[in-house]
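TrEMBL has this to say about the protein:
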{"type": "TRANSMEM", "residues": "A:6-23", "note": "transmembrane segment"}
{"type": "TRANSMEM", "residues": "A:35-54", "note": "transmembrane segment"}
{"type": "TRANSMEM", "residues": "A:83-102", "note": "transmembrane segment"}
{"type": "TRANSMEM", "residues": "A:122-149", "note": "transmembrane segment"}
{"type": "DOMAIN", "residues": "A:129-421", "note": "domain 'NADH:quinone oxidoreductase/Mrp antiporter transmembrane'"}
{"type": "TRANSMEM", "residues": "A:161-186", "note": "transmembrane segment"}
{"type": "TRANSMEM", "residues": "A:206-233", "note": "transmembrane segment"}
{"type": "TRANSMEM", "residues": "A:245-269", "note": "transmembrane segment"}
{"type": "TRANSMEM", "residues": "A:281-299", "note": "transmembrane segment"}
{"type": "TRANSMEM", "residues": "A:333-355", "note": "transmembrane segment"}
{"type": "TRANSMEM", "residues": "A:376-394", "note": "transmembrane segment"}
{"type": "TRANSMEM", "residues": "A:414-436", "note": "transmembrane segment"}
{"type": "TRANSMEM", "residues": "A:457-477", "note": "transmembrane segment"}
Amino acid sequence: MISQHLAILPILIPLFTALLQLLPWGDRPQPIRRALGLAATLLNIVVVLSLLQQVSTKSIIVYALGDWQAPFGIVLMVDQLNALMVTITALLAFPVLLYGCYAEDNLGSHFQALFQFQLMGIFGAFLTGDLFNLFVFFEVLLISSYALLMHGGGKWRIRACLHYVLLNLTGSALFLISLGVIYGATGTLNMADLSQQMSTLQGDRAALAYAGGMLLLVVFGLKSAILPLHFWLPQAYSTTSGVAAALFAIMTKVGIYAIIRVFTLIYGAEAGSLSGIGHDWIWPLGMLTLAAGALGVLAARDLRLLIAYLVVISVGTMLASFSFATVETTSATLFYMVHSTFITGALFLLADIVAFERGKTASRIVSGRRLAHHGLLSVAFLLAAITIIGIPPLSGFVAKLFILAAPQMDTQGFWLWAFILPTTLTILVTVSRAGSKMFWHTLAGKPGDQRTPRGKLVAMFMLLAVSIAMTLFAQPIKDYTDATAKQLSDIAHYRQAVLRPELGGNHVD
Amino acid sequence: METLYAITVGILTACSIFLILRGRSFPIVVGITMLSYAVNLFLFSTGRLQIDGAPILGMVENPTDPLPQALVLTAIVIGFAMTAYAIILAVRARGEIGSDEVNDLDTHEQSEGHR
């Protein structure tokens with residue numbers, strides 16, 4: 001019974017947890033809310049792992065909401081990519097929430113409930129098989145992210161949040177316009193059905209669908225911070241609280257997931273005249289995003305701003321690699337995505353801890369006093385730096401190796417190397433500059449007396465440990481992403497799984 | 001009818017874009033609200049414009065497409081909530097920063113030093 005409804009549980013569990021957390025729990029509600037939140041996040045890890053296990057043996061799970069069959073009803077679709085994304089989210093969420101439970105959630109009201117609503121939106125966006133439903137879940141995750149971004153308050157946070165909100169509202173309007181255009185041209189919004197309709201479009205309708213697809217690229221580009229649309233990200237991520245920033249490590253990936261999904265399934269290889277319309281744009285934009293991120297890290301004078309620009313670089317790397325549109329490059333992109341999510345989360349938590357222990361100098365890259373946990377945090381920073389730069393032996397190296405080795409060595413492959421290698425050098429220079437300033441060039445005198453609670457350190461090390469585990473288990477993970485990329489390229493399989501022609505669920509025009 | 005409708009949506013969108021490009025938060029919020037009106041009208045029209053067509057099979061000879069109406073309803077609800085949030089946020093920002101400029105340079109530089 002439960003296994004039949006497994007696909008919807010990642011959405012329902014956070015929803016009901018958040019509702020429970022909103023109840024008035026007496027004089028001291030916070031411990032109960034924390035316990036509820038942590039328990040729900042753990043439960044979600046179990047659920048998504050069993051989903052992952054199911055899709056790696058069986059094919060695609062299709063869950064028709066209310067038993068209304070596609071393309072008329074809304075379906076949740078779990079293939080290997082969806083399962084991978086929800087697993088990353090659940091594994092990231094637990095340490096981040098644990099970190100938040102150490103008094104971070106007292107800085108504003110309802111942090112715990114907002115966190116769960118945010119998770120619900122992210123899980124929903126990853127699981128849905130319907131474009132309009134994707135919009136709805138985007139809004140769910142956005143409205144909680146608006147509140148989480150403001151968590152703790154303060155002038156600069158409000159300003160960054162205002163920019164973020166206004167930009168995203170405009171983005172939502174564009175999303176609706178593109179959905180309208182696509183619906184007007186094809187008469188459906190189910191992703192699998194859309195992929196079937198695209199190949200049959202002619203003339204004006206094909207042009208409309210083209211415009212709709214390009215608008216979708218703009219919308220997802222705004223979410224994932226591609227070059228001309230990335231300016232909100234550094235400010236938003238560097239001014240918000242560490243715990244919110246760490247959770248937002250998954251937010252740009254939502255945009256990238258949507259790009260991968262839409263431009264492989266709907267505008268993919270079998271879309272006739274519309275096939276591959278996204279890739280021509282994603283390629284140069286990805287490269288320019290890489291370059292912009294590299295300039296950003298060079299200019300950053302603050303550790304958190306530096307990490308925010310590292311996020312921009314990772315977005316550029318993933319898109320540039322994805323745009324080759326072969327099975328190998330897609331697999332490498334997915335591997336890199338897993339690596340980048342965890343290490344970014346760990347770095348934001350680490351920066352928050354360091355800023356707290358340094359006191360007045362906070363996260364600015366200047367000499368400050370020694371930290372209370374100086375040795376431990378220095379080692380953590382060293383590990384994180386090795387991972388994010390991509391020096392052997394940790395997961396960053398493996399991920400970059402896959403990205404560089406995947407494409408064929410023609411002109412395009414050469415340009416990929418020509419952008420990624422200098423960028424890596426830039427990261428190496430800036431991260432080591434930050435590390436040596438903050439951990440070696442300390443001022444003489446007593447070390448700081450502000451000690452981070454042990455639980456926060458544990459949460460941060462949990463995320464770092466995932467990166468180390470990714471190095472040890474690189475082969476099984478790569479096998480999984482290989483299988484995922486192969487499944488992504490098999491579009492006919494999706495149509496069959498979702499539309500189920502044997503049940504007579506064919507589209508009636 | 002189609003032409004009139006298209007012109008209406010176009011003018012609404014053009015005005016909203018003009019307002020969104022202003023430098024103060026109030027015109028931007030008004031612009032975004034207006035944009036959501038334009039978008040709702042546009043979404044409604046994707047089921048093709050038709051007069052006297054109920055969205056229910058069997059009631060009239062030519063039923064109209066019910067799906068865009070459902071989409072518009074969803075979009076209105078979401079847009080309403082988001083606009084409310086944006087207004088509250090703009091008022092908060094006005095109170096805390098003391099100006100409703102979305103991006104003035106001096107305060108931005110202070111923020112760099114502040115961090």
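Every residue gets a Cβ built from N, Cα and C, even glycine.
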Contact set, same chain, for the transmembrane segment (A:414-436): CB under 8 Å, 6 or more residues outside the stretch: 287, 290-291, 293-294, 297-298, 300, 303, 306, 310, 313, 317, 320-321, 365, 378, 381-382, 385, 388-391, 400, 403-404, 407
Distal contacts, the transmembrane segment (A:281-299) - CB-CB under 8 A, six or more residues away: 214, 217, 221, 225-228, 230, 234, 259, 263, 305-306, 308-323, 412, 415-416, 419-420, 422-423, 426-427, 429-431
Cβ contacts the transmembrane segment (A:6-23)/the transmembrane segment (A:333-355), at least three under 8 Å, sequence gap 6 or more: no
Result, the transmembrane segment (A:245-269) in contact with the transmembrane segment (A:376-394) (3+ CB pairs under 8 Å): no
Spatial neighbours of the transmembrane segment (A:35-54) far in sequence, C-beta under 8 Å, 6+ residues away: 3, 6-7, 9-10, 13-14, 17, 20-21, 61, 78, 83-84, 86-87, 89-91, 93-94, 97-98, 101, 112, 115-116, 119, 123
